[in-house]
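Down below is the structure, laid out as structure tokens.
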Amino acid sequence: MEGEMQRHIKLTKAQTTPVVLVVGDPGRVDKVKVLCDSYVDLAYNREYKSVECTYKGQKFLCVSHGVGSAGCAICFEELMNNGAKVIIRAGSCGSLQPTQMKRGDICICNAAVREDRVSHLMIYSDFPAVADYEVYATLNQVAEELKVPVFNGISLSSDMYYPHKIIPTRLEDYSKANVAVVEMEVATLMVMGTLRKVKTGGIFIVDGCPLKWDEGDFDNNLVPERLENMIKISLETCARLAKKY
């Protein structure tokens, strides 16, 4: 029903646009909305904050999903229940290729390693996490037109943020396997998108390198211009896809 509200994101079908930009941090929703032509605040419950954005005449939502696969899966499920057709995640990441990708660089991901938990409860572990090609291609096309250099590659989506001593992380192994970046949610999004026939993709800005944390290679106070570049690529991509879906 149009008026039925989803339990956690507190949005109805009537409020949910076909194209949605998702971010982890509710505070980043505020950074996104001020770059739009106009916006309307919609809801804020738990980690799920939502805004209707208007950018270049096109309407789409920006919604925060919090940290980690379980919480973000709730957000994605409820958006899909409400009829979302395209969901793009824009967030921060760590570089697993520190000689190539430095703090402030942008990576558009074509696939992800499923080191989450929730997607394995949805479908077999052999099932791939891949971006929709149209979303991936549009993100890259927009970046090229805006003259913003970007990297492409695979993301490791891991439920582990702080490493522990008993079981070592696999970061070094995935780095050697040429995985580009590490974050926490896009694999879940990609798997859910494929299962639900929803187009998905991911774009990320590097805030450091977890392979070099002991050397102090981390700073989430990202250069505003670099962060704004990632947001502008995301907004333009959402606007273009909103014309079609």
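Quick reminder: no glycine exception, Cβ is built from N, Cα and C everywhere.
Predicted, not measured: the structure shown is a model, and the values here were computed from it.
Copied from Swiss-Prot, the annotated features are:
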type	residues	note
BINDING	HIS8, MET184, GLU185	purine D-ribonucleoside binding site
BINDING	GLY24, ASP25, PRO26, GLY27, ARG28, ARG46, ARG89, ALA90, GLY91, SER92	phosphate binding site
ACT_SITE	ASP207	active site, proton donor
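Location within the structure of each feature annotated in Swiss-Prot.
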residue	record	DSSP class
HIS8	purine D-ribonucleoside binding site	coil
GLY24	phosphate binding site	coil
ARG89	phosphate binding site	strand
MET184	purine D-ribonucleoside binding site	coil
ASP207	active site, proton donor	coil
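Each of the binding-site residues HIS8, ARG89 was scored by the other Cβ atoms within 10 Å of its Cβ; the lowest score goes to HIS8. Here PRO26 (phosphate binding site) comes close to TYR44, GLU47, TYR48, LYS49, SER64, GLY66: these same-chain residues lie at least six apart in sequence, with C-beta atoms under 8 angstroms from its C-beta. Using GLU185 (purine D-ribonucleoside binding site) as the reference Cα, a 10 A cut-off selects ARG89 from the recorded positions ARG28, ARG89, ASP207. When the Cα atoms are compared, ARG28 (phosphate binding site) and the residue listed as 'active site, proton donor' turn out to be 15 Å apart. Ranked by how many other Cβ atoms sit within 10 Å of their Cβ, the recorded positions GLU185, ASP207 place ASP207 at the bottom. Its Cβ placed at the centre, MET184 (purine D-ribonucleoside binding site) has 25 other Cβ atoms within 10 Å. Taking the C-alpha atom of the residue listed as 'active site, proton donor' as reference, the shortest distance to any of the binding-site residues ARG89, GLY91, MET184 belongs to GLY91. Non-local contacts of GLY24 (phosphate binding site) by the CB criterion (under 8 A, 6+ apart in sequence, same chain) comprise SER64, HIS65, GLY66, VAL67, CYS72, GLY91, SER92, MET184, GLU185. Cβ neighbours within 10 Å of ARG28 (phosphate binding site), excluding its own Cβ and spanning all shown chains: 19. All protein chains included, GLY91 (phosphate binding site) registers 23 other Cβ atoms within 10 Å of its own Cβ.
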